[in-house]
Amino acid sequence: MTAEQRQNLQAFRDYIKKILDPTYILSYMSSWLEDEEVQYIQAEKNNKGPMEAASLFLQYLLKLQSEGWFQAFLDALYHAGYCGLCEAIESWDFQKIEKLEEHRLLLRRLEPEFKATVDPNDILSELSECLINQECEEIRQIRDTKGRMAGAEKMAECLIRSDKENWPKVLQLALEKDNSKFSELWIVDKGFKRAESKADEDDGAEASSIQIFIQEEPECQNLSQNPGPPSEASSNNLHSPLKPRNYQLELALPAKKGKNTIICAPTGCGKTFVSLLICEHHLKKFPCGQKGKVVFFANQIPVYEQQATVFSRYFERLGYNIASISGATSDSVSVQHIIEDNDIIILTPQILVNNLNNGAIPSLSVFTLMIFDECHNTSKNHPYNQIMFRYLDHKLGESRDPLPQVVGLTASVGVGDAKTAEEAMQHICKLCAALDASVIATVRDNVAELEQVVYKPQKISRKVASRTSNTFKCIISQLMKETEKLAKDVSEELGKLFQIQNREFGTQKYEQWIVGVHKACSVFQMADKEEESRVCKALFLYTSHLRKYNDALIISEDAQMTDALNYLKAFFHDVREAAFDETERELTRRFEEKLEELEKVSRDPSNENPKLRDLYLVLQEEYHLKPETKTILFVKTRALVDALKKWIEENPALSFLKPGILTGRGRTNRATGMTLPAQKCVLEAFRASGDNNILIATSVADEGIDIAECNLVILYEYVGNVIKMIQTRGRGRARDSKCFLLTSSADVIEKEKANMIKEKIMNESILRLQTWDEMKFGKTVHRIQVNEKLLRDSQHKPQPVPDKENKKLLCGKCKNFACYTADIRVVETSHYTVLGDAFKERFVCKPHPKPKIYDNFEKKAKIFCAKQNCSHDWGIFVRYKTFEIPVIKIESFVVEDIVSGVQNRHSKWKDFHFERIQFDPAEMSV
């Protein structure tokens with residue numbers, strides 16, 4: 001089992017616990033577990049139920065070290081009948097299981113009616129396909145020995161734990177076939193909302209047991225004047241009107257009056273609830289026969305998912321239609337029809353930009369209200385700004401069509417590069433101009449109430465020591481110097497690139513420089529094409545190795561030397577597994593010559609990282625003072641997330657923290673991001689009182705994601721601008737919370753101090769702008785808008801015309817010919833394949849390490865350059881519908897003009913302007 005599989009099993013354990021009854025698979029796992037462990041699991045189920053038993057089973061499972069146990073676990077699930085769970089774990093995709101949650105909630109709520117009206121014997125034969133065989137036997141036995149209601153209760157419990165995605169529909173058909181009264185309540189076809197509303201009619205005044213969350217941050221569930229724990233607040237009757245706080249009404253007031261507004265209020269105060277108030281008021285103000293249409297923009301996918309849930313639960317009960325669209329769903333639905341058919345639409349902004357550009361949405365006039373979450377992003381070429389460019393062109397042009405009201409939400413408007421209040425005011429006015437805002441709403445009249453809800457953490461900056469001597473860095477730096485010299489000697493002309501001074505190893509600056517050199521080498525051309533191939537391939541290898549060495553130095557600076565060394569060992573292992581030519585053998589030999597010394601240095605206790613020692617002291621002290629402390633630890637990179645998680649787990653004094661990790665979904669050159677279900681699972685575990693006590697996160701956690709209340713925030717070599725500072729600090733929401741900045745750099749501390757000064761300037765500037773009369777503020781904003789439009793128009797670039805000339809694609813590593821652009825076809829908008837058997841002879845396939853099915857594609861293999869000793873990664877081989885085709889990535893190739901011979905690199909397909917021909921199945925049969 002790989003470390004990643006173990007980590008994923010940890011991340012998804014909450015899904016597994018909800019479904020798995022481990023006693024059903026113990027017979028298959030008996031050779032992997034001790035007899036005593038099997039007995040403990042059985043006892044845990046008998047005493048506390050299957051969920052606690054599953055938790056204990058996973059605990060034992062994750063302790064196993066022998067090879068093969070993970071596959072044995074999957075086989076056990078499959079043979080026991082847990083096919084859905086087995087499939088989810090194999091692909092690490094729990095979306096099908098997650099979609100069942102609303103049906104589980106409904107069945108829990110309707111369980112009294114289910115027990116009162118259903119005889120399990122009448123429908124068990126129909127439902128057997130959705131249940132484990134052993135569950136069917138237990139239901140029959142309980143029905144026969146304890147009666148109908150006890151049997152129905154057991155059946156409901158088993159259905160709620162079922163991993164079969166069709167169980168809600170099968171239950172409906174079984175109930176209808178039996179003419180059961182319960183079928184009137186269980187209406188799957190017409191949706192969860194209809195079924196719930198029918199249940200509400202039958203329940204009368206009975207309080208609902210379904211919990212709803214309608215806020216940006218968990219503590220804002222307590223919208224009354226009596227702050228309490230979330231569990232208390234969430235038990236309110238579903239239909240009781242939620243009482244806003246006075247400061248929330250103050251924030252909502254300008255927007256309720258119809259003004260374009262930027263709402264600037266601290267993280268944790270419930271800005272999402274404010275947006276719900278505004279949205280509800282807006283939709284209700286239209287006279288009979290007219291309707292409003294609201295669009296809510298969320299910038300990040302986890303935030304989008306969160307807000308889609310919040311808006312749905314709040315507004316569906318008021319009779320409004322709500323829909324949500326993201327990049328993951330936009331290809332399979334008509335965005336135009338979704339917008340036409342719904343009152344409220346939750347969107348990621350790029351979806352609207354794309355549909356405005358292709359004409360599917362004619363203009364922004366289809367909406368009556370636009371709400372921008374994290375609106376401080378409305379700048380430069382961000383999708384928010386692209387939407388507002390359309391808005392402002394419409395406003396400043398001759399069109400008479402009505403424009404929607406605009407509302408922006410943010411914890412900080414920022415000050416840009418401003419050093420004075422005047423410059424800050426100019427920056428804020430620019431943001432107001434971008435959003436066409438006439439008001440900045442802040443809490444002024446109800447500050448005392450706000451301070452009772454949002455606690456500003458105590459900020460502590462600690463300058464920590466760096467290593468006084470660093471033998472590890474010296475050894476790696478020497479290897480880098482030797483590699484640079486080898487690269488320099490390959491080509492006299494390109495060797496000049498390596499003569500540039502002031503490139504410090506182990507820095508982001510060096511990373512940027514080596515990436516630039518890497519690109520320059522890849523398009524280097526010579527008259528002798530064989531020699532060009534040799535030179536480019538050698539330089540590709542040298543620059544790749546330099547980049548990995550630089551990565552390792554960056555890791556060792558903030559983590560343990562062993563983490564950096566393991567990173568390099570994994571890299572050289574991959575090198576040996578791929579094409580292993582003379583150059584790579586030489587580079588590997590040099591590394592292995594130093595490996596024993598590197599191992600010795602990294603294991604030496606005297607080389608412990610002082611930063612980690614200081615982090616240890618902070619955690620020890622805070623958890624000693626307050627054992628129930630919940631911590632978010634912010635770090636810069638995913639590699640550091642993994643390293644610190646390992647460090648905490650291996651430290652006996654800290655392992656009780658049970659660290660969780662939260663990273664972004666995007667892919668970097670070093671790692672694949674977390675899937676959305678994995679992110680949600682981690683957040684749920686962190687919110688649970690007994691699970692993770694510390695969450696190690698990258699920047700994905702500092703903006704907008706709904707993270708539970710915590711009382712300790714640690715910024716580990718982590719600093720940004722004033723907006724980032726306010727957002728990360730805002731994650732410490734409990735009373736008496738603290739925010740530590742730990743860094744070895746005096747510059748970082750100075751930057752943080754500068755951010756604190758800028759925050760004061762920002763607040764001061766907002767207050768001054770709020771004293772301006774409406775006319776003065778409006779004129780200032782209008783002047784900026786006119787000037788910005790003139791600048792935009794003067795810089796307007798015509799759309800690039802696709803180049804219809806045929807071009808060559810060459811391997812980005814060895815420069816071997818791959819294909820012509822004339823043979824490339826576009827599959828479903830964003831995938832690119834190559835036609836013809838000739839191309840298939842130029843690559844080799846290897847099994848994909850993570851085969852997966854998504855939409856119409858099934859990943860089957862990875863494809864690599866077939867030239868001897870190259871094996872450059874070209875993309876993947878997939879099954880698309882009934883076809884098996886290669887899918888290539890443009891960053892793996894160099895594009896050569898056939899006529900001029902000029903070569904270029906493109907990191908994204910959108911930057912490569914060639915004539916795109918759509919995939920036609922008819923061509924595959926030619």
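Note that Cβ sites are derived from N, Cα and C of the backbone, with glycine treated the same way.
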Ask   = According to Swiss-Prot, which stretch among 265-268, 373-376, 505-508, 749-752 corresponds to the feature motif 'DECH box'?
value = 373-376
Message = Say a student had to find the ubiquitin cross-link annotation in Swiss-Prot: which of LYS293, LYS645, LYS813, LYS881 would be the correct pick?
response = LYS813
Task = Using C-alpha positions only, work out which of the binding-site residues CYS811, CYS814, CYS865, CYS870 is nearest to LYS164 (ubiquitin cross-link).
result = CYS865
Message = Using CB atoms and a 10 A radius, I'd like the single residue among the recorded sites LYS48, LYS154 with the highest neighbour count.
response = LYS154
Remark   = Taking the centre of the Cβ atoms of CYS811, CYS814, CYS865, CYS870 as the Zn(2+) site, the remaining residues of that chain with Cβ inside 8 Å are LYS537, GLY812, LYS813, LYS815, ASN816, ALA866, LYS867, SER871, HIS872
Ask   = Expressed to the nearest Å, what is the distance separating LYS813 (ubiquitin cross-link) and CYS865 (Zn(2+) binding site) at their Cα atoms?
value = 9
Key: CYS870 (Zn(2+) binding site) to LYS859 (N6-acetyllysine) - Cα separation in whole Å   = 23
Key: Other CB atoms, at most 10 A from the CB of CYS870 (Zn(2+) binding site)   = 20
Rounded Cα-Cα span from LYS181 (ubiquitin cross-link) to CYS811 (Zn(2+) binding site), Å = 66
Key: Nearest of the recorded positions (LYS48, LYS96, CYS814) to LYS859 (N6-acetyllysine), judged by Cα-Cα distance   = LYS96
Query = Looking at the recorded positions LYS96, LYS164, LYS859, LYS910, which sits with the largest number of other Cβ atoms within 10 Å of its Cβ?
reply = LYS164
Remark   = What DSSP gives for LYS164 (ubiquitin cross-link), in three states, is coil
Message = As a test of reading the model: what is the averaged pLDDT for the domain 'Helicase C-terminal' (611-777)?
response = 79
